[in-house]
Each structure stands twice: as C-alpha cells, then as structure tokens.
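Feature annotations, reproduced from Swiss-Prot:
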TRANSIT   1-29  transit peptide
MOD_RES   Lys436  N6-succinyllysine
MOD_RES   Lys484  N6-succinyllysine
MOD_RES   Lys484  N6-acetyllysine
MOD_RES   Lys496  N6-succinyllysine
MOD_RES   Lys496  N6-acetyllysine
ACT_SITE  His511  active site, proton acceptor
MOD_RES   Lys580  N6-acetyllysine
Amino acid sequence: MWCLLRGLGRPGALARGALGQQQSLGARALASAGSESRDEYSYVVVGAGSAGCVLAGRLTEDPAERVLLLEAGPKDVLAGSKRLSWKIHMPAALVANLCDDRYNWCYHTEVQRGLDGRVLYWPRGRVWGGSSSLNAMVYVRGHAEDYERWQRQGARGWDYAHCLPYFRKAQGHELGASRYRGADGPLRVSRGKTNHPLHCAFLEATQQAGYPLTEDMNGFQQEGFGWMDMTIHEGKRWSAACAYLHPALSRTNLKAEAETLVSRVLFEGTRAVGVEYVKNGQSHRAYASKEVILSGGAINSPQLLMLSGIGNADDLKKLGIPVVCHLPGVGQNLQDHLEIYIQQACTRPITLHSAQKPLRKVCIGLEWLWKFTGEGATAHLETGGFIRSQPGVPHPDIQFHFLPSQVIDHGRVPTQQEAYQVHVGPMRGTSVGWLKLRSANPQDHPVIQPNYLSTETDIEDFRLCVKLTREIFAQEALAPFRGKELQPGSHIQSDKEIDAFVRAKADSAYHPSCTCKMGQPSDPTAVVDPQTRVLGVENLRVVDASIMPSMVSGNLNAPTIMIAEKAADIIKGQPALWDKDVPVYKPRTLATQR
C-alpha cells in the first residue's frame, strides 16, 4: 500500500520490477547463507549510541529475546577501566575526542553559502555510547510545546503527556523524584555545582537584565537562566553505554560487538531479515527473527537505509543500488542547531585559561585519575538558559550556555588569554537541509548539506542573539570581571556588521536530527510511522534522533534516550506510559520579550 501511495504501483508489481534484481541477488545470497549455520537473533540493533544502548538494555530484560548490538567504533573502556579511557570518561577532557577519529566519524558538510562558503566540521560519536560518549554532558529535554508540535506534525502518541513519563523512567536525578524528575532510572543526572564566581556573576547578570531564575529548566519552567543538569555521576561522564549497555553485558541473551561496520540490511522482498557487516576485514551476516532496528543517528541511519535500497529511487538507481522501496523522505528534512560564541576578556585570573597549561593539566588529570574529583570532574558548562527572542514568541527560542573560558576552533586551538564566553543560538531555525549518498561504498561519508542561514528569519534571529547577549554581559554583576569584548569586538555594531560576523563565525552545536522523519503514512516526507516502523517495508525500524519530526528546543541526548525508552515499550508491546495535564509555565503576557 505504501509503495502505491508513492506512485510506484502495487508492492507485488514493484517486487517483479524494480525489485527483481534485488530479489534474485537476495535469493542467491540467502540460499548460500542457508548452507551455513545461521547467526540468528530476535533483534539486530545497528548502532550502540544513545538510542541503541537503551534498546540493548531494555529488550534484553526479557530473557527469551536474543539481541545483537553492532557498533562501528570501539568499546568505550580499555581493559574494563574508565581510568584507562580517560579521554572519554573525564568530563573536562571532552574536547580530546572531538577530533580523534578512533571515536569519531569526523564528518564535514558541503560548502555553506550562508556561512561565507565555509565547510563545517561535524564530530559524531563512533564508539560505545555514540555521541553521549563525546558530548558536553548537558542534560536538556526541550520544551513541552516541542512534543505537542510533534503530535501536530503526525507523530501521534508523542505529545508531552506521552513523552514526559519516559524522561522520568530514564532519569536517575541526584535531587530525587518530582512530577517532572525521575530518581530511579539508569541515566544518572547531577546539577552543576562548582559555584565558580563567573557562573554566579553570569546568573546575577541575567536577572539584572530582567530574566527569571528557573530552578529546573527541565521541569515546570524552561524559560529563564539557572544551573544546568549534567549527565555526570561521581565525577565521571555517564553516557548511554554507562547507563544501559554495561549493566546488560552480563546477560547471556545480549551480544554486543565493537568495530563492526554494517554495510546493508538484508531483505526477502520487502521484509527485513538481517544485516550484512564487516568485522576484521571479513564479511558476515546476522539474521533477525523479529526485527532489524537502526539506531545509527541522524547521519548513519538514513545512509544505511539508502545503501539498503530504501530512499529516493532515482538517486539509488544512479549509484547502482537495487531499489527495495521508493521512500523520498530518507535523508531529507535535515535540521541542526547553529550557534555563535560571544567572548569577553576577563580582568581577573579566575578563568580556565591556567587550567589548560601543560603542568596544570597534568595535576588536574592526576587528581581525577586518583579520586574522580577536581576540575577534571566537570564539563564546566554549568549555567545557561532559555529565553524568548522577542514579543509574541510563545516559548523560548534562544539557548545560552555559559563557559568560564574561551573556545577556539572546537577546542583544537589553545586558549590565548583569560576570557569567558556564551554559546548562543536560535533553537528552532527555519533552514532545512538534506544528506545523500556519495557512493554505494558504506565507508564513504555521505554528502551533508544543512543549508545553514538560508532564510532571512535565521539571520535575523542570530542578530538578536548577539544583541541580547551583549546586553547581559553589560550588566553590573559582571563589571568586576569585564575586559574588552574579544568576539565579535566593539567595532562590530551595525546590523550589517553583525550579520557578517555571524556568517563568518557561526558553527554547528552538533545536533543533527530529523532525517528519517516520523509521521503519518499519508505524509510524502515521512520515513517511519509513530510506532517507529519504516514505511513500505516490514520488520524494520529506526529509533534515534533521525526520527524527530522537527528539532526540539535544546540539546538532543536526553530526547534521544527518551525516544528509545518509549520505542522499547512499543516494540515489547507494553502499554504506553502517559501523564495527563502536567502543569507547564506560560508567560503572563506575550506583549513583552521578558
């Protein structure tokens, strides 16, 4: 029926036509495989990232289900030790992996016309835990209205009432349970607690500028500024692998592989039956009696669908890939958060500049290795906030992260002086991009085209980001620390100058999403239905950030884990959790911006 909706005739006709070659190849391959012992599981999960780790943990709670988890990258521990894998597990060492291709796909975009022709670097996790093993450990759920919007966009059953219980189920917050927080979940969450004087001064400055202080931006009131929640536990990064995968490894019904690249999904007609993968240079096959589940993320999941014959038929044929199902939404609807750094010199030697000098780094590292304490035990992005950019905006559309340091080129260039900065950017940009296969070779990175700043609305929103940040930085609370403005610089004042600065300096916040959009079967851009099943085929799901219909207002790790928790219940046939009429803050008036 789905292929008929796509205008390609009956599924049977498609199988005899465009699928003929695929079926004959598949039949020969399956016949050949039949002569060998079949490596069969209930579920094959591709990708041990934020979502895949959740699925591995939850699906193997039933001892009758056998699960194979395949990850292209290495394990996140060396010889079972987090200390030996300090680059991953020491929170302050997060920049160490941003350019390390042992743990990172190291993607790059195409040339961005809206960013002065620049090519942007996109680090993505390629390790157990995925990007939750590389990210800044900020735990942000987004706004309740994001999930109401998903419902309106066709993701029925994914409104806030049906998502909040899964946020709670996943979360083990150090502050205990509430209507909004979970206390007993596997994902350990703590509140920023260094009380660095610059963090305190920043929060005071935001209040002097007229913004509220929120005690829990993941609870009743996202709007305002406050201390951030972090996926840090006892001084160590708490990734999805720490939360879900490692506790499940002792189960006999879970097999978790590392350094294993899946090259395609295997089909019998339009039914997914397994995957083909490469390990140690050898090709292997694994079969799923129930389902194959893709959890590779917003780049790898659509890439694997297309390599397997699911995507835009014309594009696949050009690369010689047999078409299983014409699904033109695959790889489309690419969305990402873009951000800019506003940097200010600090007149006092209290920033993290000295902590990045060689001898001091050694001391910090030794303390962390010994006790998991000290400056190595935090990511330092401990305060931030969410505000509305202008009157009439119903809920926050700008996000701030404050850092008592200076970041240059993704941290690849050492800091040059005592300075502090804000990472700021719009959360619901209107520029939408796409990704496509570069070739039929699974090892080739896809073509990534985010189309950053391709709308006038987006550049106007960034203009507001710069102006509103400058207003906060000018408040009295920061006067004792305020030196000259380093970026954009006091000479940048007019709208035209600000726009030029943004186009020259804006960079990705590392939040790609929405490339396998969830929606109704009648939506020609949808890839999966609200049960996470790939449209037009059987026994195949996608569960990760790629299925978001649209971006959430914040970081993506917490929502991705929520998606996987909810999907696990769907897959197991459990009744959906829901919590009706949970109060959510609304401004008293929209006539003012704050």
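Heads up, the Cβ atoms here are built off N, Cα and C, so glycines get one too.
Rounded to a whole value, the Cα-Cα separation of Lys484 (N6-succinyllysine) and Lys496 (N6-succinyllysine) is 21 Å. Here the Cα atom of the residue listed as 'active site, proton acceptor' is found 28 Å from that of Lys496 (N6-succinyllysine). If you take the Cα of Lys496 (N6-succinyllysine) and the Cα of Lys436 (N6-succinyllysine), they are about 34 angstrom apart, rounded to a whole number. Every protein chain considered, the tally of other Cβ atoms within 10 Å of the Cβ of the residue listed as 'active site, proton acceptor' stands at 23. Lys436 (N6-succinyllysine) falls within a strand when secondary structure is assigned with DSSP.
With a cut-off of 8 Å between CB atoms and residues at least 6 apart in sequence, the same chain places Ala161 near Lys580 (N6-acetyllysine), listed in sequence order. Following the DSSP three-state reduction, the secondary structure of the residue listed as 'active site, proton acceptor' is coil. In this view, the densest Cβ surroundings among the modified residues Lys436, Lys496 belong to Lys436, judged by other Cβ atoms lying within 10 Å.
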